[in-house]
Amino acid sequence: MTSSNTYLTRIPLTGDEIREAFLDFFAKRGHQRMASASLIPDDPTVLLTIAGMLPFKPIFLGQQKPPALRVTTAQKCIRTNDIENVGRTARHHTFFEMLGNFSFGDYFKQQAISWAWELSTQVFALNPANLVVSVFDEDNEAANIWENIIGVSPKRIIRMGAFDNFWAAGPTGPCGPCSEIYYDFTPHLGDDNINLEDDTRFIEFYNLVFMESNRDANGHLTPLATKNIDTGMGLERMAQILQKKSNNYETDLIYPLVEKAAKLAKINYMYADEKSKASLKIIGDHCRAIIHLVSDGVTASNLGRGYILRRLLRRVVRHGRLVGINKPFLVTIGKASIELMVKTYPQLNIRKQTILNELEREEARFLGTLERGEKLLAELIESNSKYISGEQAFELYDTYGFPLELTQEITEENGLTVDVAGFESAMNAQRQRAKEAKINIDVTVQSVIDKIADNIEGTKFYGYDVLEYSSHIIALIVNGEVVQEASEDDVVGLVLDATPFYGESGGQVGDRGTITGLPSDTRNLKIAIDSVFRCRGLFVHSGRIQAGKVRIGDAVRAQVDYRLRRKVQAHHTATHLLQAALKKLIDSSITQAGSLVDFDHLRFDFHYSDHIPVDKLNDIENLINDWIAESHLLEVSQMKLEQAKAKGAIAMFGEKYGAEVRVIDVPGLSMELCGGTHVTNTGEIGLFKIISEAGVASGIRRIEAIAGTAVLPYLNERDALTKELGDQLKVPVHQLVTRIETLQEELKATNKSLTLARSTLVSSQAMALISNVENVNDFQILVASLNEVEASLLQTAAKELQEKLGDNSAICLGSVSESGKVNFVAVFGKNVVNIGQHAGKFVGSIAKICGGGGGGRPSIAQAGGRDKESFEHALQIAKQELISFLNLTYCK
């Protein structure tokens with residue numbers, strides 16, 4: 001097993017470099033690069049995107065055609081099922097990025113293994129001696145490829161059982177063995193008795209799934225006609241390996257946020273106790289998840305995805321308090337999170353204000369409950385009880401968001417104890433009740449709905465024509481189980497025999513509304529429906545029972561919120577007009593890559609390589625508003641798929657259509673296959689406004705826009721903003737641009753003057769240091785500090801000193817910036833270099849004392865660190881090493 005890095009001039013080290021190297025590797029091998037899908041998956045039965053393969057689930061199940069035979073992605077994912085381990089282990093996260101390469105009936109096992117090994121050992125230059133592979137214990141083919149084709153030692157090929165190394169979509173369906181690549185941090189321990197469960201020695205970083213069989217209801221396996229490859233490499237794990245960190249949190253993907261939180265807490269992460277380190281890691285991890293959830297459209301609530309977001313937000317706040325951050329800080333850490341990830345995910349910048357507003361609002365709400373919780377705890381302490389019961393501690397946690405750790409700390413100070421076992425019992429009971437927060441996701445359709453679909457007829461949909469309809473409940477789901485009845489405050493999934501509610505599909509969100517009893521019903525039933533999804537012909541209405549009880553067989557009245565329906569209809573028809581305008585004004589070959597039609601906005605992704613200039617966006621907007629003003633009547637018809645295509649109807653590539661399709665036609669403007677809800681006349685849309693246009697992946701652009709009643713709040717907000725700016729700058733609104741340009745020029749000139757003045761001052765300070773020069777065997781050395789001097793000026797000062805002192809001089813200057821970053825510069829004269837001293841190696845070793853590193857040329861180099869407490873000690877060591885080197889050289 002040999003490896004040589006013939007692919008890159010340097011090994012990818014940063015998270016961004018690792019991601020790009022992976023995607024580029026497979027793109028060069030015929031894979032189509034695709035953008036990360038949203039954290040809100042298209043499959044309405046799945047709460048969040050928890051795996052890189054999830055967006056391709058319909059393809060693996062044979063429900064859709066693949067966009068290409070070979071695909072590669074960097075997919076953002078969120079998992080919270082083991083949230084308690086985040087920050088406490090080296091590798092658990094809520095948010096992570098999964099790098100994947102996929103084959104849909106193209107290459108298979110040998111090629112997938114060969115490329116995985118090539119990527120690992122040549123692109124990422126991992127030493128084969130550090131690699132161990134696992135295979136399914138019955139997969140002799142994979143074991144043979146690893147041993148006889150790749151050349152892995154049999155002792156480093158570990159056979160494992162089905163629990164670890166066999167993937168299945170569910171009880172039935174596609175399945176196959178897995179093979180994983182592990183990194184061995186301590187290969188010197190040998191190859192005997194390798195235990196891959198020892199996560200102090202091994203870390204799994206690449207998983208290869210060979211989908212080769214189909215399992216029937218009796219458990220029998222038969223070969224798949226089309227075999228597929230699904231792989232996943234954890235970006236954070238590969239960063240840990242290549243950056244040689246002890247845990248994922250100290251990589252450049254997360255550590256800047258950990259460091260920011262530590263600065264806000266006024267503590268040094270490297271010297272913090274383990275409890276504080278865990279809190280800082282949790283803050284760094286959760287913030288990444290939070291900004292992406294909000295960016296993808298999740299808002300904090302007590303249901304579903306919103307509950308997950310709220311839980312993450314409140315954990316960040318509580319752990320901030322634990323490390324001493326006693327003021328609002330979510331907006332500050334949110335800005336840092338966006339800045340860290342915006343290059344890879346530019347939509348974060350588009351949604352920046354929405355994200356920050358959500359953080360500010362939720363933090364203020366939570367801090368208010370914390371204060372009330374503190375008052376309740378004070379009352380419990382003053383009650384002369386010797387302990388806080390588990391139920392009381394849980395009330396503090398659940399109602400007031402009060403951390404158990406903080407409850408324990410305060411009660412111990414007052415001589416009380418907390419019934420932790422009782423708290424855990426109450427917590428477990430809550431987990432059972434919190435049905436809306438469960439995220440135990442099966443990649444197949446939930447088995448409970450499968451059972452329902454096998455025994456009842458599909459739901460009839462009447463929502464195109466009416467928004468109220470009387471129907472009967474034919475199935476009830478509570479806590480993932482089919483039940484006969486449900487009561488007030490239960491979170492339920494109801495299946496009706498007929499409904500006016502639109503079920504989420506085709507990019508359009510499901511309707512909201514209420515389900516009530518019939519007028520003759522005396523039970524005062526009311527169920528608030530917050531989402532509706534479709535599965536195997538059933539419409540599942542999800543919501544909470546606000547009053548009354550409900551049983552299977554009950555007659556009910558389903559009522560769609562007509563205001564929200566009107567909003568989503570306006571956005572859906574506007575989306576069709578947007579695609580038509582893009583084809584007319586930009587490029588007739590533009591095709592849709594994805595969309596979201598929501599109540600308050602629309603998002604349209606399309607295949608196009610170039611940025612669309614502002615003037616073109618204005619033309620698009622004006623054209624659509626002209627079409628709206630012209631009040632075109634929409635024509636809706638059902639026809640055979642081939643007939644629709646012959647008429648020129650646009651179909652979404654990769655979408656699965658039946659033999660009979662629904663066609664939405666705006667005569668002369670747009671004709672699309674679509675099952676969504678629409679206005680009857682374009683005039684009903686009212687107004688259309690483009691909010692943003694940006695690239696989201698190679699060859700894919702995204703336009704976000706608003707229509708109808710959503711436009712007025714947007715315009716009012718900007719009108720108020722421009723008026724406020726005009727007042728602040730004391731100019732009329734129409735002169736704002738001119739005034740801002742003038743201020744920018746003034747600021748630019750001022751900064752230039754300040755830079756010049758600063759440079760002159762630093763130069764003067766540097767020359768004043770000459771009196772501190774020491775002579776060692778005819779060599780002049782100067783080791784000194786210039787406080788709060790940035791790296792570029794520090795280097796200039798060191799060069800000026802070396803030129804002043806001559807070829808026998810060795811200069812090392814250090815500085816600590818206002819932000820606490822440590823900088824070092826070493827500049828050596830040519831005679832110092834000639835006797836064997838190297839500035840790059842020298843300054844790099846000094847920077848390590850401050851937890852950093854760096855390097856450069858033999859004559860000039862710079863380095864940095866983050867531990868300012870060790871700064872003075874590092875300068876002392878630098879001086880001692882120079883003196884020792886020159887004395888030793890002189891003696892020789």
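The backbone N, Cα and C atoms fix where each Cβ goes, and this holds for glycine too.
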(request) Quick one: sort out which of 229-256, 397-424, 565-592, 733-760 is the coiled coil according to TrEMBL. (result) 733-760
(message) With every protein chain in view, what's the tally of Cβ atoms within 10 Å of the Cβ of C674 (Zn(2+) binding site), excluding that atom itself?
(response) 25
(request) Please work out the number of neighbouring Cβ atoms within 10 Å of the Cβ of H572 (Zn(2+) binding site), leaving out its own Cβ. (result) 26
(message) Beyond the listed site residues H572, H576, C674, H678, identify every same-chain residue whose Cβ lies within 8 Å of the center of their Cβ atoms for the Zn(2+) site.
(response) Q569, T573, T575, V597, I664, E672, G676, T677
